[in-house]
Amino acid sequence: MESNGKAEKHGLERDADLQLLLVGGELLKVRSSSWKKNRFYKLQEDCTTMWHESHRTFKRNQTFSIDEIESVRKGRQSEGLQKHTEAHVEDRCFSIIFKGRRRNLDLIATSAEEARQWVNGLEKIISNMKKLNSHWIFNCMRKADKNKDNKMTLKELKHFLRQINIEVDDMYAEVLFHFTLSEEELNIKHFYDLLIYREEIDVIYGKYATTGEQMSVKDLLNFLLNEQREVATMEDAVSLIERYELDDSAKQKNHMTKDGFLMYLHQEEGSIFNPAHKEVFQDMSQPINHYFISSSHNTYLMEDQLKGHSSTEAYIKALMKSCRCVELDCWDGAHGEPIIYHGHTLTSKVLFKDVIKAIKEYAFKTSEYPVILSLENHCTLEQQKLMAKHMISILGSALLTSPLEDQMPTAFPSPQDLKGRFIIKGKRLNKLDAVFSNTSPGVEEDCVSEEDEAAETSNSKTDTNGQKAKKSKIKLAKQLSDLVIYCKSVHFSGFEHAKDKQAFYEMSSFKESKAVNLAETAGNAFIHHNMTKLSRIYPAGSRTDSSNYNPVSLWNAGCQIVALNFQTPSKEMDLNQGRFRSNGVSGYVLKPGFQRYPGTEFDPMTLTKGPWLKRKTFHIMVISAQQLPKLNKDKCKSIVDPLVKVEIDGVPADTCSKETRSIENNGFNPMWNETFQFDIQVPELALVRFLVEDYDSTSQNDLIGQYCLPLTSLQNGYRHVPLLTKHGDVIPSAGLFVHLMLLDAK
């Protein structure tokens, strides 16, 4: 069977779970408590597409690509299944979570065993597809074969070329067709070899392959030392041959063929991103304020902050991206249960306790380092007490309820010390010293000023006499207050006041405009403030569309908790993903030494002389791209005209952008061979962002793909750059090929 051939390609031809998916079966689709309907689901023979029955008049048969799936969750692990199903069907439930903003697919199987097989089968296919580099081309070949006879006519060839983003005229297509013709049929193998041929790889390989037509282990070592600038040994070269050489006879001679060489370049060793930085490699024993911390604003929102949907899914998505500080905007709810939503708007509401349950479940799946729960508290005393009760009962011993030390601390603990712990940020009725005091427990409740974002609107209002309104006050319950240990929210009254009057655990939140102004006018003072305190930055309330501000200038000033709207794809989120790509995607990145140690004169605006000026020259050649996706898949003749932008984001003196020319009608294998040079003053704060766009002379260019990483995490030499969607998901098979050299400036 054809399906067995495809399954064999995935190494799963005898897998019972996969066979169940290929046969298909009925599953109960759940949309609401009243909308639960049986639908037939089946994995297509290509093992890359899922077909499902639909009862819509115009869309009775629908499909989605396995590539569109972000994850599969077993059990009632989605908001929909928890809300619309009973606990007794737990072991029959599973959810397909899609990338981007597409709604989850919540399903119930007929038995627990069937649910297990669906989940296992889908996870195996997803895992295997990530390992296959060429499935995209084969999939396009299959789609082009309209009559499904496993042969290609000239007409089907033209359709196939458009599918893979190449525009050719009829004459060239006919020449190509006849050139690869064998017995009146298109020779698929010959044609495929022509398609994947890379002239630039030929040149590089030919330069180093001195042993006949193959690279010896010595040739490969020379390449690693001279081109890739790696500290490599003969054993390293042998290891690469053993892992990536496909030809057994070449492997026995310790040789690497051109196919093996290309395979190596497509693996993590040939990636632009240093594989050593995929693990936690930084010192994690320093005080927590010495780190940049991946942080989310309005975490509960899936969309904008006027009428967007609030969901536990938003917390799960942020936490699975290693976000380590999430926001909970808490208000009184019905039936005595506190809720989370964007107050005084049309955004939907979600129960506080459901959010805490989701956080408990997903907080440490991608990172074991501490999660800060930033409470925006608008609740009455009774519901505050219930908030405290929920957090204590649900989070259990993982919730930090007292300092780690046996005596009053004088500095923050480290991420290492706080592994697997939850830290509450919010208002506190008294000083932390009270925890160690033998005096009476103090007041059970009291009024505190409303700070942070809640105060932004009210504090900007004026009364009828034109005077600024007084700060609003709220009553705070002792039960909630006592959970605030290392992150007590206080008003910011200036750097000198903070230095003289504030304890280390008393932190302030800044609206973006105020923070940016401080970073630009008092950068050195802000940096010194952040050496002993935590600072949280949040977007202006006027960003009702949940847009983002540029976080780079705040990182330059040493701010740790620079909160962004994770739900909004943007350049700013690309930069955030790039900043936290390093150090094992742990959500914590150690700040440079000149942002941590007292006495520094570093100011990102003026750049006075000092150890932070480790000037580098960054040379980059943008060589080519491979298998760029079509943007308008509905138009068969729509081919992209790609160009590449290379951006540096860092201190103002380093911020710069350069771009290649556009290539007309070729998204499959465009070549530029264009060289750029960037002079970098402060490399430890610089991010490199690659942007591939579809050029349009009459309107704004469309994004094809992007990738961002710290300058200090890139590898020299010939490297492949993966490309991501605007949502940060990998685009299968697509990428850039570049040559990089980061050198000390002369």
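Every residue, even glycine, has its Cβ placed from backbone N, Cα and C.
Automated prediction, rather than curation, is the source of TrEMBL annotations.
Since we're looking at a predicted model, the values are computed, not measured.
Noted in TrEMBL for the protein shown:
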- K425, K427, S509, R536: substrate binding site (BINDING)
- 443-455: compositional bias 'Acidic residues' (COMPBIAS)
- 456-466: compositional bias 'Polar residues' (COMPBIAS)
- 20-127: domain 'PH' (DOMAIN)
- T180: O-linked glycosylation site (CARBOHYD)
- 440-469: region 'Disordered' (REGION)
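Ranking the binding-site residues K425, K427, R536 by other CB atoms within 10 A of the CB puts K427 at the bottom. Here the binding residues for substrate are K425, K427, S509, R536. Their largest Cα to Cα distance works out to 14 Å.
Taking DSSP states H, G and I as helix and E and B as strand, the domain 'PH' (20-127) has 35 helix, 40 strand, 33 coil.
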